[in-house]
């Protein structure tokens, strides 16, 4: 008699995805971040659901409802901080997951890769709208500044911004619709994750060497289920350490002041995970140019399969490309730092140089270095 898990219409899908899935025998801990992102999404949906039970999306009561959650709801403070810091963990895992894909050439599975980039955009949109909901000073002014960027779109810009606002400024209508979108988007993300996995399982996983691993596969369970559980335990430990010892470390003190349209905070800045993109936006003096640079700083990821000129897939055996990759990582850290600094000398020029370097490395230096390495192989 055949096993139920191999014959049952529903269970066999799970079986082919997480149990009897043939996986390369040499994938490292860098391949753990997919499952960690799944965990982060589950944590965010669950904690978000419980927060939504007590939250009110009205400008008069939103700030008070968050205070009420933290003070009066059983373990409300814990749920709120898991949700806020869970977002930071989500982005740490996202950046490492994308970085892994760039380093090991996983972008050559271009359907999987492009859906991943769409997922990144969706998560960024969700996080931005979530940041507006507590209706603190940085929530209000962040929403005002970022939505205002759309007014740079020629001809329809101003109309588009007022349409998104639902009025002539960020107000009750804006908050209500942001709450609605913030609630629905994670479920759309979950659906996209399924498609992401569907395309991944069409080809199978990449591996550190970048070589075809069909001749050397092992079952996902128990080998990688155990490995994933270890990663999950480490993630939960890191998250709970952050929440219980320093829950406001990554937040902005300005957001503990209720939103006031009449007083602008001295430095308007987004959460830390958007600072690199914010620095690129600010480094261009022209409004439309800045918005385009902001969008292309993420959209450029879709060009990686086209810009790959090396004869090898992975960077594992390409020391020159490795060097450029780590310079790119350092550049992103620099941009993140600059994004949190005031707009004054010397930060302006550092931000502009870091932004130029970011696009130059990706569009020019990495492909050129790849061609040099191809020549070195012959030599």
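Here the Cβ of each residue, glycine as well, is placed from N, Cα and C on the backbone.
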Listed range which Swiss-Prot flags as transmembrane segment, given the options 8-28, 113-133: 113-133
Annotated transmembrane segment segment (source Swiss-Prot; candidates 77-98, 143-164): 77-98
Residue 182 (heme b b562 binding site) versus residue 97 (heme b b566 binding site) - Cα distance in angstrom: 23
Positions on the same chain near the transmembrane segment (113-133), where near means CB under 8 A and six or more residues out: 48, 55, 57, 62, 66, 87, 90-91, 94, 98, 101, 106-107, 139-140, 142-143, 146, 174-175, 178-179, 181-182, 185-186, 188-189, 192-193, 195-196, 199, 270-271, 273-274, 298-299, 301-302, 304-305
For residue 201 (ubiquinone binding site), nearby residues of its own chain (Cβ under 8 Å, 6 or more apart in sequence): 16, 17, 21
